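Colleague: Sharing a structure below in structure tokens format, with a few things to ask.
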Amino acid sequence: MRSPQPHRSGGDTQQHFQSTVSVQKLKRFNSLILVFRFAAFCFSLASAVFMLTNSRGSDSLHWYNFDAFRYVFAANAIVAIYSLFEMAASVWEISRNATLFPEICQVWFDFGHDQVFAYLLLSANTAGTELARTLKDTCTDNKAFCVQSDIAIVLGFAGFLFLGISSLFSGFRVVCFIINGSRFYV
């Protein structure tokens, strides 16, 4: 699948023969990206839900009373929404053999946003980890609150891991596009 953009010399791109094996490799690669994006979505959504439901009693601790926990919730919710969009784009690409946006925009959009949101998750979950460590001394009274906060943070780190792997794959697509003029080397 070559880029519809002309070569640097000004000529049009040539239509190259593409074997069935190449098409299958491309679909397999895109399916693998979809699996990692789905995992990032699931873990980020679960982390956001765990943090959102982390309140104990009316006079007790609430997650929204702590800036770091609000950051963990917001970052994971944003990444869950982004991952949902990227899953839809991946399904579109697998089913139609074409990207949602023009190919050059799609590869840079995917790579850039994967990087930004992966670092957002890493930053938020690191801040949440530091607060959770600080709260360990007070966890004798509110053990359930602390455990649920820890679970939300661990789920967020798992979301970061899968988003980071997706970022590696989207980086591979950027490099292939730069070298070949196509998002996948076939």
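Heads up, residue numbers simply count up from 1 along the chain you see.
Yeah, the Cβs are placed from backbone N, Cα and C, and that goes for glycine too.
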Colleague: Look up the topological domain names in Swiss-Prot for F69 and N125, then state whether they lie on the same side of the membrane.
Modeller: yes
Colleague: What else in the chain is close to the topological domain 'Extracellular' (125-150), if you only count residues 6 or more beyond its ends and a Cβ gap under 8 Å?
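Modeller: Cβ under 8 Å, 6 or more out: 50-51, 53-56, 60-61, 63, 66, 68-69, 71-72, 75, 156-157, 160.
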Colleague: Would you kindly list the residues that approach the transmembrane segment (32-52) from elsewhere in its chain, counting only those six or more residues past its ends and only Cβ-Cβ distances under 8 Å?
Modeller: 63, 69, 72-73, 76-77, 79-80, 83-84, 86-87, 90-91, 94, 121, 148-149, 151-153, 155-156, 158-159, 162-163, 165-166, 169-170
